[in-house]
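Asker: I have a structure I would like to understand better, so I am pasting it below and will then ask my questions one at a time.
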């Protein structure tokens, strides 16, 4: 659903409303305040291809009358707005103008703003990490940080060794990044055991399929062995590459001397 708000109202209608409110106050014996605030606010709602237009009239922060395109006429919200609503409903030209607004203004603005709002999709970035470093079999908090996504509707779930975890899951509210994207933190209380695999799964309208990020529980020694093995493998590739390069270069030198 998209909502457009315009803090303005047609001058003639707004002026009529203001005069009627002030006159009604006088008739009811209430003193007109020295300072007062009158507002006319227009709102467009787009939902499933339909358009709805609301025009609200507010006096000193209290809405007293409105036009609703779903109703097709003005309605008094408080007794103060009854004279204005009755008068406007008696004016066919005003009613025709208001009834045309959904197609004339709302639909036009929706077509302009839709691609930047309702149709906009930005894929989330997902990162998983423990809140603190600690040994296995000790209580900890695993954090799934999901950020830079739009729109805000998102589903984040935790799995342990393929089974969904619902107990011990804590989530922040949706956080606005200030650039039309959002972020959220979804945390899982855990006591990791050697070999446990924790998975954060994210579902969002921008994704064709869920995104999953794993975190594997390892002891410091196992992690050190893994890093050492990975380092050795990379070093082996480098040495192998240098050897092949030197071998080819040696052959070229031999051919040149021959």
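Cβ atoms here come from the backbone N, Cα and C positions, even for glycine.
Features from Swiss-Prot:
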| type | residues | note |
| --- | --- | --- |
| SIGNAL | 1-29 | signal peptide |
| TOPO_DOM | 30-225 | topological domain 'Extracellular' |
| REGION | 30-121 | region 'Beta-1' |
| DISULFID | 44-106 | disulfide bond |
| CARBOHYD | 48 | N-linked glycosylation site |
| REGION | 122-215 | region 'Beta-2' |
| DOMAIN | 124-212 | domain 'Ig-like C1-type' |
| DISULFID | 144-200 | disulfide bond |
| REGION | 216-225 | region 'Connecting peptide' |
| TRANSMEM | 226-246 | transmembrane segment |
Asker: Could you say whether, by DSSP, residue 106 (disulfide bond) belongs to a helix, a strand or a coil region?
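Answerer: Where residue 106 (disulfide bond) sits, the three-state DSSP reduction gives helix.
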Asker: Closest to residue 144 (disulfide bond): which of the recorded positions 44, 48, 106, going by Cα position?
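Answerer: That would be 48, nearest by Cα distance.
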Asker: Through the lens of DSSP with three states only, how would you label residue 200 (disulfide bond)?
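Answerer: The three-state answer is strand.
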Asker: Could you tell me the C-alpha distance between residue 200 (disulfide bond) and residue 48 (N-linked glycosylation site) in angstrom, no decimals?
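Answerer: The Cα atom of residue 200 (disulfide bond) is 32 Å away from the Cα atom of residue 48 (N-linked glycosylation site).
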Asker: Taking helix as H, G and I and strand as E and B in DSSP, count the residues of the domain 'Ig-like C1-type' (124-212) in helix, strand and coil.
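Answerer: Split into helix, strand and coil, the domain 'Ig-like C1-type' (124-212) gives 0 helix, 49 strand, 40 coil.
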